[in-house]
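A quick write-up on the structure given underneath.
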Amino acid sequence: MRIPLKTKTLWNKDDVSLTNDNDNTYFGQIMVGTPGQPFNVLFDTGSFDLWVPSAIWPKQKSRRYRSSASKTFKRNGKKTEVRYGTGSLKGFMSNDAVEIGGLRIKQQAFIEATEAPGRRIYERPWDGIFGLSGLSKSTITGARPIWRTMMDEGVVTKKVCSIWLRRYSDSGENGGEIIFGGIDQEHFTGAHTYVDAEGPHNTFKINSFFVGKIDTKVCSKGCKVVVDTGSTYIRGPPNLIVKINKQIRIAADCSNYDKLSEVISFTIAAKTFTLTPRDYIERKNGKCKSVFADAKSDLWQLGTPFIRAFHTVWDYQTPGIVKVGFAKSK
């Protein structure tokens with residue numbers, strides 16, 4: 001199923017149109033229940049569970065799931081809590097039908113959220129989060145993640161998920177595309193470089209971090225990383241990030257932006273991947289800053305700046321093995 005990412009949010013039976021929120025997040029509509037209740041969700045490879053606001057969600061004028069209005073709702077009621085960096089999302093488990101474009105899941109466990117992890121969540125342009133983990137069950141709630149349900153129940157013909165993101169300035173009516181069950185050859189050049197991923201977050205290693213011709217010595221012994229569509233930055237340990245940003249030296253007022261010529265390069269599976277200043281500098285409202293930011297752990301996060309540069313594939317076709325692949329985006 002192709003899910004085009006557009007700058008407008010629409011719904012029809014064939015696809016889901018997603019919004020590129022000024023290069024911060026990419027989100028779009030799904031339907032929960034019968035008849036379907038629409039929710040804008042952030043598609044997040046860094047989390048396991050699906051959650052949408054419950055009927056008692058505190059934010060005024062927000063979309064709320066109403067179980068009494070759905071013919072396919074099945075009660076669970078188990079209380080649950082998901083911890084994020086900003087706090088804990090609290091709620092309870094429920095089961096209902098979920099539709100993503102033309103793909104329909106008859107029953108999916110999800111969280112009816114009652115309390116957000118910090119008030120900033122109430123300011124976001126999306127309603128909930130669609131965890132894209134392919135685990136057999138969530139390490140938090142014990143529920144089967146929705147992407148795993150889609151694979152296990154044959155909703156998709158091929159156990160592959162691919163993501164292509166465009167920059168907000170380039171997007172027009174097409175902000176990118178997520179495909180459940182395939183890969184669009186028009187969105188990348190060359191062949192994908194695949195690496196075996198491990199653990200609940202599909203981690204792998206990057207090596208040899210260069211800024212221009214200068215070896216920063218960052219990741220010389222290998223850094224564990226995860227691709228995270230829910231992150232707007234490329235995050236790493238603070239002591240390593242400061243070394244990278246010291247080499248970049250971008251002026252806050254963008255006065256030296258046009259003079260930046262250094263590329264940032266590193267290796268994945270012995271293949272060199274290169275980011276240009278357009279990829280690693282965030283330039284908004286006359287201000288510039290590096291997209292390399294501090295993480296709260298030793299695990300690196302390759303967020304949306306990396307995914308915009310490299311078309312990304314998660315391949316679950318071989319039992320027990322997950323491969324993540326990257327190719328230069330068009």
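Using the three backbone atoms N, Cα and C, a Cβ is placed for every residue, glycine included.
For 26-327, the entry in TrEMBL reads domain 'Peptidase A1'.
The feature active site is assigned by TrEMBL to Asp44 (among others). If you draw a 10 Å sphere around the CB of Asp44 (active site), it holds 22 other CB atoms from the protein chains shown.
As annotated by TrEMBL, active site applies to Asp228 (among others).
The predicted model assigns the domain 'Peptidase A1' (26-327) a mean pLDDT of 91. For Asp44 (active site) paired with Asp228 (active site), the C-alpha to C-alpha distance reads 7 Å.
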